[in-house]
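Chemist: Before we start, here is the structure in question, set down as structure tokens.
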Amino acid sequence: MGENLTGRGSAAKKNRTLHNFAVESRYKNRSEISSGSRWARGRPSLIRKEQSYHKEAREDLKCNESTFVIKAEYTNYAGKHWISQANVQASVIESSQYEEQLKNDDKWTFDVIALERVTKKRPLLHAGLKILRRFNVMEFLDIDDIIMCSWLALIEDNYHSSNTYHNSSHATDVLQAAAYFLAKDKLRDSMEVIEQVSILVAAIVHDIDHPGRTNSFITNSNGYLAVLYNDISVLESHHASLAFRLTRKSDCVNIFQNVQRDQYRSIREKIIDAVLATDMTKHFDHVSKFVSSFNDSAKPCLESADSRKLVSRMLIKCADISNPLRSRNLCIEWAKRISEEYFEQTEDEKEKGLPVMMAIFDRNCCNLGKAQTGFIDFIIRDMFSAWDEVIPIPELITNLEDNYKFWKDEEERIEEERAQADETN
Ligand SMILES: [Zn+2]
């Protein structure tokens, strides 16, 4: 199916991206709304629909200065990957109801699980908007908040809320962690704005449409995506590709529409590079390159674009697997969620007669404490100590060691419990 990016022309009638779109915002003046927005201008039926949505929205919310709403309904394909008559209906109420959960968005203690609960599993839209504003991303991209909201809603809609781990709460968690690292003095002063914007966007989309199964499962089951991407970084390639295909579907979600061609190419290259860096099969390559460039070097080193690229990769990787460095309750919650997703994969593998790729994640015999200490011992500790050498994060390292002790105790407790149960049987 050919793509019509603007929704104009005869193809657009048949395959129209945008049916209704209404906005009310302090960021958009009322005369512009009443005369129809950019994409509806000159199309009377759309203007009528827009105005009726506008009226409905105002009635719904009894709008005031700090409130805005977006209601958008899309029915379209995203290339071959169906966003299945996706109804993107976002009501963003920037008001006191999420203030409490959003107030720590720049702190490591930020509780994304609480935000997930109050937003009814739409944390990405709300935290995303706030964090992107803080980094002036909309100004850099020369778009208004409405387009960013629509894009965030569309991206969030393409995460699977049925996944226990790889859902939009995880994306929000990674975005928040990435933003936290970017705000550290050393990075804030040395990373170019385009690099910061690219990292934040990459964090938002980095697991979009994740099926809740790993690359090895998809490859072993000869899945469509494995064939499409030749078994190489299958999911990461899909996340990056889908993000761009969705973004260019319509001007109302195209956050890059006002970016110059050269700059767009640069942003696109950086986003793809960062998303691909989250492939854990390349983990040790990325960490050792980072270590040899930074930790072994006597001179500080963020001056070259190449070294900042290594930092960007390491930054998104650290953000992606930072759960063991979060406060205890969050650390435990994420550990339970990832285990549940892996348990389901193991069951699926057994059912389908596929090789079991992560034997320790069998719900009948898994020792969660042992799984977590193993993860910290083999992956987390080395990576974060290398990161800490360049970007000091002492309080996070303290959390990590506290959590490690907790998991070690858990590991022993579970083993003892099982040994006692075996004796009684
Ligand atoms: Zn991830």
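Just so it is clear, glycine is given a Cβ too, placed from its N, Cα and C backbone atoms.
Okay, these came from TrEMBL:
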- H166: active site, proton donor (ACT_SITE)
- H166, N167, S168, S169, H170, D207, D320, Q372: AMP binding site (BINDING)
- H170, H206, D207, D320: Zn(2+) 1 binding site (BINDING)
- D207: Zn(2+) 2 binding site (BINDING)
- 397-424: coiled coil (COILED)
- 88-414: domain 'PDEase' (DOMAIN)
Chemist: Please list the binding-site residues from N167, D207, D320 whose Cβ falls under 6 Å of any atom in ligand 1.
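Modeler: Once distances to ligand 1 are taken from each Cβ, D207, D320 fall under 6 Å.
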Chemist: Highest Cβ count within 10 Å among the binding-site residues N167, S168: which residue is it?
Modeler: S168
Chemist: Suppose the Zn(2+) 1 site is H170, H206, D207, D320. Which further residues of the same chain have a Cβ inside 8 angstroms of that site's Cβ centroid?
Modeler: H166, A171, V174, A203, H210, T278
Chemist: Would you mind pulling the longest C-alpha to C-alpha span across H166, N167, S168, S169, H170, D207, D320, Q372, which the record has binding AMP, in angstrom?
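Modeler: This binding site's residues have a maximal Cα-Cα distance of 23 Å.
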Chemist: Taking each of the recorded positions H166, H170, H206 in turn and counting other Cβ atoms within 10 Å of its Cβ, which one has the fewest?
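Modeler: Counting other Cβ atoms within 10 Å of each of the recorded positions H166, H170, H206, the minimum falls on H166.
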Chemist: Please state whether DSSP places Q372 (AMP binding site) in a helix, a strand or coil.
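Modeler: For Q372 (AMP binding site) - judged by DSSP and reduced to three states - the answer is helix.
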Chemist: So what sits near S169 (AMP binding site) in its own chain, CB-to-CB under 8 Å and at least six residues off in sequence?
Modeler: V112, I113, L115, E116, K121, P123, L124
Chemist: Write down the Cα-Cα distance for H166 (active site, proton donor) and Q372 (AMP binding site), rounded and given in Å.
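Modeler: Between the alpha carbons of Q372 (AMP binding site) and H166 (active site, proton donor) there are 18 Å.
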Chemist: Among the binding-site residues D207, D320, which residue has the largest number of other Cβ atoms within 10 Å of its own Cβ?
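Modeler: Answer returned by the neighbour count: D207.
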